[in-house]
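**Student:** Below you will find the structure I want to go over with you.
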Amino acid sequence: MGATVEQALEQLKSTGVRMTPQRYAILSYLMHSMTHPTADEIYKSLSPSFPSMSVATIYNNLRLFVEAGLIRELTYGDDSSRFDADLSEHYHAICRSCGTIVDFDYPPLTDVEAAASKETGFKVEGHRMEIYGICADCTTRHNH
Ligand code: ZN
Ligand code: MN
């Protein structure tokens, strides 16, 4: 697991971003969540405590956190980005049935990057690798 909410707040302060109760709530929600939520899911969880907060506010703050390097955005080619406060190197397994995203550890595929660089002449900056399938919960549910 990565930094604590307090460490993240210090980092944010150093970039000149003012901390507000809403920002604190969004950031701590994300840092305690293992589900890689969308802006909409965060909105649904926090709106009872912050009735004046809109999805747009949440989204703008998430953008801010991404730019400050506090969280990662996971894009899937549509408008439903998911957000991950775990900045450690890890891969994701994604359920094609329910959409759940599960972390898994595996040594970074640096040999693949090296092979790609050798074959294409690219100066490789990174890669993206995801596992798709049906999660354990969905498999159980379908077998009943
Ligand atoms: Zn599933
Ligand atoms: Mn993750």
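Including glycine, each Cβ sits where the backbone N, Cα and C put it.
I grabbed these lines from TrEMBL:
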type    : residues             : note
BINDING : C95, C98, C135, C138 : Zn(2+) binding site
BINDING : H127                 : Fe cation binding site
**Student:** Can you check which residues sit near the residue listed as 'Fe cation binding site', meaning Cβ under 8 Å from its Cβ, same chain, 6 or more apart in sequence, and list them in order?
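**Tutor:** L109, V112, E113, A116 - these are the non-local Cβ neighbours of the residue listed as 'Fe cation binding site', listed in sequence order.
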**Student:** Filtering C95, C98, H127, C135, C138 (binding-site residues) by proximity to ligand 1: which pass a Cβ cutoff of under 6 Å to any of its atoms?
**Tutor:** C95, C98, C135, C138
**Student:** Other than C95, C98, C135, C138 themselves, what residues in this chain have Cβ atoms within 8 Å of the centroid of the Zn(2+) site's Cβ atoms?
**Tutor:** R96, S97, G99, T100, I134, A136, D137, T139
**Student:** So for C138 (Zn(2+) binding site), how many other CB atoms are inside 10 Å of its CB?
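**Tutor:** Its Cβ has 16 other Cβ atoms within 10 Å.
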**Student:** Give me the count of other Cβ atoms within 10 A of the Cβ belonging to C135 (Zn(2+) binding site).
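**Tutor:** C135 (Zn(2+) binding site) is surrounded by 18 other Cβ atoms within 10 Å.
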**Student:** Counting Cβ atoms within 10 Å of each candidate's own Cβ, which of the binding-site residues C95, C98 comes out highest?
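**Tutor:** Of the binding-site residues C95, C98, the highest Cβ count within 10 Å belongs to C95.
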**Student:** Quick one: what's DSSP say for C138 (Zn(2+) binding site), helix, strand or coil?
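**Tutor:** DSSP call for C138 (Zn(2+) binding site): helix.
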